[in-house]
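Enquirer: So TrEMBL has the following annotated:
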type	residues	note
DOMAIN	122-385	domain 'ComEC/Rec2-related protein'
DOMAIN	438-606	domain 'Metallo-beta-lactamase'
TRANSMEM	148-167	transmembrane segment
TRANSMEM	174-190	transmembrane segment
TRANSMEM	219-236	transmembrane segment
TRANSMEM	242-259	transmembrane segment
TRANSMEM	271-294	transmembrane segment
TRANSMEM	306-328	transmembrane segment
TRANSMEM	335-355	transmembrane segment
TRANSMEM	367-384	transmembrane segment
TRANSMEM	393-415	transmembrane segment
Amino acid sequence: VQDDPRPVRGAAGRPATLLVPADLVRLTDRDGRRVAGAARALVLATDPAWRGLLPGQRLTAQGRLTAPRGGDLTAAVLTVAGPPAPHGPPPWLQRAAGTLRAGLQRACDPLPDEQGGLLPGLVVGDTSRLTPAVEEDFRATGMTHLNAVSGSNVAIVVGAVLLLARWARAGPRVAVALCGLALIGFVILVRPSPSVVRAATMGAIGLAALAAGRPRAALPALCAAITVLVIVDPELAGDPGFALSVLATAGLLLLAPGWRDALRRRGVPAGLAEALAVPAAAQLTCGPVVAGISGTVSLVAVPANLLVVPAIAPATVLGVAAAVVSPFWPAGAEFAAWLASWPTWWLVTVARQGAQLPAGTLPWPGGVPGALLLAGLTVALLVATRRPLIRRLVAVCAVAVVLGTLPVRLLAAGWPPPGWVVVACAVGQGDALVLPVAAGRAVVVDAGPDPAGVDGCLRRLGVREVPLLVISHFHADHVAGIAGVFRGRRVAAVLTPQWSEPAFGASQVRAAAQAGSAALRSAPVGWRWRAGGVELVVLGPPYPLRGSRSDPNNNSLVLAATVAGVRILLPGDAETEEQRALLESGPPGAFRADVLKVAHHGSAYQDPEFLDAVRPAVALVSVGADNDYGHPDPGLLARLTRNGARVLRTDTDGDAAAVRDGDGLAVVVRGIRPGRQP
């Protein structure tokens with residue numbers, strides 16, 4: 001095993017897949033014949049026993065071998081269904097690291113979820129407890145690098161030891177020895193995977209340059225380190241993380257000292273000048289690669305990272321201290337973690353506020369062309385600003401661009417749009433609909449497959465209170481995100497169908513309602529609810545349907561909602577059988593609606609007569625990009641269009657709203673950021 005097993009979320013309702021980088025030492029076929037020698041492989045596993053593996057551990061596993069997609073040096077992909085057979089315990093080094101990491105987790109247990117989940121990620125790169133909301137906020141504000149061990153972590157830890165050594169008036173040799181021990185100890189703590197060794201090398205070079213005050217002498221050392229690392233691990237040449245480490249260190253060496261000195265000449269205090277110059281240089285040099293990967297240029301990344309600079313070092317040092325003392329002084333570890341929770345709270349707050357700003361990112365060409373374009377503009381800007389006249393001209397142009405374009409984006413692209421009556425949230429392959437009751441209050445219908453998705457949508461809409469959460473049925477793509485609805489909001493009541501299958505989804509909803517002190521009840525046909533400008537009535541299922549293609553889908557709650565005079569039909573995942581039963585039981589015209597939430601993510605299992613009976617002006621399809629189910633069905637979309645519906649899809653349009661526009665309806669979409677699809 002080469003690195004920690006990493007879980008990735010699959011389709012809703014399916015077990016998470018664990019990605020385990022490994023080296024194949026011996027490969028045999030079913031008859032025991034050796035078919036290949038040593039090679040790098042990626043193991044795909046679903047058995048929970050793979051989670052506990054540590055780097056360096058040797059094991060035997062059986063599985064199916066397939067070719068990799070390409071793009072790296074992985075020779076094969078091994079898909080396994082069963083547990084591994086370890087050949088012995090992990091190396092003592094990894095066991096020691098595991099003990100310290102587990103101690104840090106225990107020290108964080110008393111902390112609030114946001115701080116307690118972030119601190120291990122900040123200190124040792126352990127994001128297993130990071131809440132989805134914090135993860136999304138960090139991504140939106142360009143702060144995700146804080147959750148990965150990088151050269152800055154190494155520099156902070158070793159720099160703290162260096163300051164202590166100088167404060168104790170230790171000689172140069174003693175200080176160097178202490179820093180070396182701290183570097184080795186930190187690498188052990190975060191586990192000496194190739195990425196950590198790379199970060200340690202880069203961080204040590206940057207620290208040595210700043211400590212010696214000789215950035216020019218450190219540049220050849222940086223080049224030598226890059227050469228050695230690429231020779232040892234050629235795959236680093238195509239690794240974006242390696243490129244970002246190199247560029248950030250280069251910015252630290254080449255740009256930060258000059259900017260720091262320039263700020264000091266203008267009267268900025270030395271400490272503040274350092275704090276401003278270092279992250280600005282790193283952001284500028286890393287910007288082209290980030291833009292090429294994400295297809296966006298963040299307008300909030302630089303100010304957000306500048307704001308959190310004072311909090312990173314104390315949080316990191318205190319977190320490391322908590323891990324180190326945890327084996328023999330648990331109370332001291334908890335106290336250190338509590339102290340670290342305060343700067344960590346600041347990180348969470350900055351990320352949350354930055355993520356809520358509209359127009360926080362600008363679209364940018366993706367891939368190599370986009371990276372080269374921004375790199376060229378960056379170089380031109382750096383060269384041009386060396387001359388005072390051009391520097392003033394660039395400053396005036398920059399201010400003009402910001403003042404001229406940003407307000408337009410803030411005002412023209414506001415969200416939510418005025419007069420909205422329903423929003424289909426872009427939560428991936430799942431459903432989450434929002435109906436406005438009053439300012440800050442809304443009814444939510446289904447919760448999507450992931451807490452971060454629905455939480456982000458509700459935050460963008462400014463929803464702080466949910467008087468009613470409706471669950472159409474208990475499949476994971478409708479209930480797995482329920483924690484996101486409760487996150488930071490009061491939910492008064494939860495309405496569920498009378499069909500309580502699958503049992504796991506039903507228990508998940510019950511647990512969330514109990515934890516959030518929300519009333520829980522099931523709804524029969526004819527049940528009505530009203531608040532503000534929203535009126536709901538349950539239309540189906542008219543009776544329990546058994547033996548259908550999917551009984552949970554065909555027993556979905558079917559709701560008719562009226563919002564500001566606009567009739568909205570919400571059929572959950574009702575398929576052909578339930579749609580026909582509705583038509584047979586309901587009076588003519590009972591299902592006519594202005595807006596239809598298309599059932600079952602636009603699957604082909606739709607009754608044409610039901611669609612003709614609804615005949616909506618707007619059809620909302622909540623669907624995930626590149627899903628495995630072929631949703632939405634092209635024939636269904638064609639039929640809706642022929643019937644006069646304006647079709648909106650969350651996979652291509654993002655959050656989609658139907659808006660009351662005078663006596664008619666309009667549609668407004670928030671859009672999908674380039675390179676980021678739900």
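For all residues, glycine too, the Cβ spot is worked out from N, Cα and C.
Can you walk me through where each of these features ends up in the structure?
Expert: Looking only at the domain 'Metallo-beta-lactamase' (438-606), the predicted model's pLDDT averages out at 91.
Nonlocal intrachain contacts for the transmembrane segment (335-355), taken as residues 6+ away from its ends with a CB within less than 8 angstroms of a stretch CB, comprise 104, 107-108, 110-112, 114-116, 118-119, 122, 133-134, 136-138, 140-141, 143, 146, 300, 303-304, 307-308, 310-312, 314-315, 318-319, 321-322, 325.
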Enquirer: Based on Cβ pairs under 8 Å, which of the stretches 219-236, 271-294, 306-328 lies most in contact with the transmembrane segment (174-190)?
Expert: 306-328
Enquirer: By Cβ distance under 8 Å, which residues at least 6 away from the ends of the transmembrane segment (271-294) in the same chain are close to it?
Expert: 142, 240, 243-244, 247-248, 250-252, 254-257, 259-261, 263-264, 301-302, 305-306, 309-310, 364, 366-368, 370-372, 374-375, 378, 673-676
